[in-house]
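Database features, via TrEMBL:
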- 6-40: repeat 'PPR' (REPEAT)
- 41-75: repeat 'PPR' (REPEAT)
- 76-110: repeat 'PPR' (REPEAT)
- 111-145: repeat 'PPR' (REPEAT)
- 146-180: repeat 'PPR' (REPEAT)
Amino acid sequence: MGYFPSVVSYNVLISGMCKAERFGEAYSILKEMLEKGWKPDMITYSSLMKGLFQRKNVDMALNLWNHVLEKALKPDVTMHNIIIHGLCSVGKVEDALQLYSKIRQRNHATNLVTYNTIMEGLYKTGEYKKASEIWTQISTDGLQPDIISYNITLKALCSCGKMSDAVGFLDDALERGILPTVITWNILVRAD
């Protein structure tokens with residue numbers, strides 16, 4: 001009885017290699033996967049893309065993204081979130097915002113992680129107006145902000161000295177039944 005690898009087993013290996021920052025080996029496994037006739041899926045590409053962004057290898061990550069699109073694969077919400085987060089993490093927030101806009105125009109799936117990620121990136125670059133527009137879109141699109149959404153906004157308000165606005169925001173969270181976490185209190189205490 002022999003062992004026959006599958007897409008799942010290849011994905012586990014590729015993900016593990018990326019987490020261990022052994023990208024040469026991850027790509028060797030991908031190459032072997034292709035040679036043996038297995039088709040990479042979104043999990044395969046998501047693992048590779050996440051690893052590339054963590055190493056700040058933006059060009060390779062974007063090349064991989066373009067490869068996914070050229071293969072007519074349909075990126076899922078997880079992959080969208082990985083590339084948006086990756087772009088924001090390397091300071092390419094405008095590129096992330098453009099991608100976010102395209103995703104919305106094409107009615108592709110988004111979730112609260114998508115909104116929180118783009119909102120945080122915008123706040124970090126001082127784009128408060130655009131970030132508040134994203135906040136509004138959360139509700140417009142039928143989602144409810146969570147404590148992470150509130151923490152992102154509270155941190156931005158506190159960092160620019162708008163403590164009374166931050167307290168008002170916290171009151172809004174409490175009125176909605178969203179309870180503060182240790183992170184919430186740390187944001188407020190450090191800002192004081």
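Along the chain as shown, the residues are counted starting at 1.
Using the three backbone atoms N, Cα and C, a Cβ is placed for every residue, glycine included.
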Outside the repeat 'PPR' (111-145), six or more residues from its ends: residues with CB under 8 Å to it: 77, 80-81, 84-85, 87-88, 91, 93, 96-97, 100, 103, 152-153, 155-156, 160, 173, 176, 178
Contact set, same chain, for the repeat 'PPR' (146-180): CB under 8 Å, 6 or more residues outside the stretch: 112, 115-116, 119-120, 123, 128, 131, 135, 138, 187-188, 190-192
Residue distribution over DSSP helix, strand and coil in the repeat 'PPR' (111-145): 26 helix, 0 strand, 9 coil
